[in-house]
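Asker: One structure coming up, written as structure tokens, with questions to follow.
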């Protein structure tokens with residue numbers, strides 16, 4: 001089976017696609033996966049690093065661009081559809097899965113027009129605009145939250161959760177090494193979160209008595225690293241401050257409490273890894289979907305939510321202290337998180353995709369092609 005994964009832009013779209021791709025290629029040596037994204041998106045760097053080929057198209061978003069910006073970006077759409085058609089003709093995928101983001105629209109629509117089975121994977125509680133539009137033509141809509149189902153025809157919905165990267169799953173299944181000091185993990189997504197970084201530094205004076213009893217790992221993003229390091233040192237803390245955490249599995253395995261945003265992929269990782277959390281939803285997220293995402297964990301007793309408008313150093317310090325000082329509460333939160341986890345999401349989504357392929361092509365392995373046959377890359381893909 002050859003799968004094409006279209007979309008990206010942010011880690012929340014890209015990483016579930018990579019997790020699904022990892023599941024597909026491990027099933028059979030003849031299976032392969034190709035991604036389609038944009039040069040500006042995170043996918044342009046992380047997909048090749050994960051070992052998968054990627055093709056690029058030229059497309060930009062329409063929402064929130066204003067009338068002039070939307071019109072200019074509309075002019076790119078015919079070119080994006082032509083590029084998508086050429087890519088689909090070369091790769092001849094058996095199924096195309098859109099994971100959200102600008103690139104998924106032209107690719108999935110073109111695949112549908114070419115009678116290739118299509119699906120979308122919606123990570124959030126409120127479906128994104130692109131996935132809502134594509135939901136009208138795709139064969140399947142994979143969701144992670146019950147609230148997202150209302151955006152799609154009931155017959156198309158498979159509520160299976162968000163796929164988690166294989167490396168995170170494998171590393172987390174190893175026994176954790178014992179550690180005496182409470183460990184706090186702070187991160188704001190792949191780019192960091194400026195407001196969250198600032199509030200953590202403001203919280204430190206209120207946690208001064210814990211400086212010898214707590215270990216902190218803090219992903220800041222490139223912009224704030226130097227300032228955050230100075231802030232910790234000024235308050236007598238000796239944390240592990242990084243611009244970016246390459247091995248999130250090790251970071252999760254070594255912590256007792258997580259302070260982070262409420263992106264859907266992050267929450268999927270928290271639940272599979274059974275980690276208590278303090279969630280600070282990103283206030284500018286489309287349709288305020290991070291608040292909706294976070295509420296699912298809060299209502300289950302797995303997390304505490306502080307909206308950014310209410311976030312101060314003192315408030316954050318109080319929540320951190322209350323959770324770290326209460327091992328039994330942490331254990332209850334961890335169990336609650338685990339009950340929400342979907343460790344089999346990638347496997348179950350791949351199962352449905354193989355069934356779509358079987359219905360269309362008569363075999364779960366898809367169209368007949370020579371073993372290992374891949375298209376030659378043209379000199380100018382964007383032409």
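Backbone N, Cα and C atoms are what each Cβ position is placed from, and that goes for glycine too.
OK, Swiss-Prot features for this one:
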BINDING   10, 11, 12, 124, 165, 190, 245, 290  UDP-N-acetyl-alpha-D-glucosamine binding site
REGION    364-383  region 'Disordered'
Asker: List the same-chain residues at least 6 positions away in sequence whose Cβ sits under 8 Å from the Cβ of residue 12 (UDP-N-acetyl-alpha-D-glucosamine binding site), in sequence order, or say none.
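Answerer: Non-local contacts for residue 12 (UDP-N-acetyl-alpha-D-glucosamine binding site): 100, 123, 124, 189, 263, 264, 265, 266.
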Asker: Ten-angstrom check, please: count other Cβ atoms within 10 Å of the Cβ of residue 11 (UDP-N-acetyl-alpha-D-glucosamine binding site), all chains counted.
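Answerer: Other Cβ atoms found within 10 Å: 19.
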Asker: Determine the Cβ neighbour count for residue 290 (UDP-N-acetyl-alpha-D-glucosamine binding site): the number of other Cβ atoms within 10 Å of its Cβ.
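Answerer: That number is 29.
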Asker: If you draw a 10 Å sphere around the Cβ of residue 124 (UDP-N-acetyl-alpha-D-glucosamine binding site), how many other Cβ atoms fall inside it, taking every protein chain shown into account?
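Answerer: Residue 124 (UDP-N-acetyl-alpha-D-glucosamine binding site) is surrounded by 27 other Cβ atoms within 10 Å.
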Asker: In sequence order, which residues at least six apart in the same chain have a CB under 8 Å from the CB of residue 245 (UDP-N-acetyl-alpha-D-glucosamine binding site)?
Answerer: 187, 217, 219, 251
Asker: Including all protein chains shown, what's the count of other C-beta atoms within 10 A of the C-beta of residue 10 (UDP-N-acetyl-alpha-D-glucosamine binding site)?
Answerer: 19
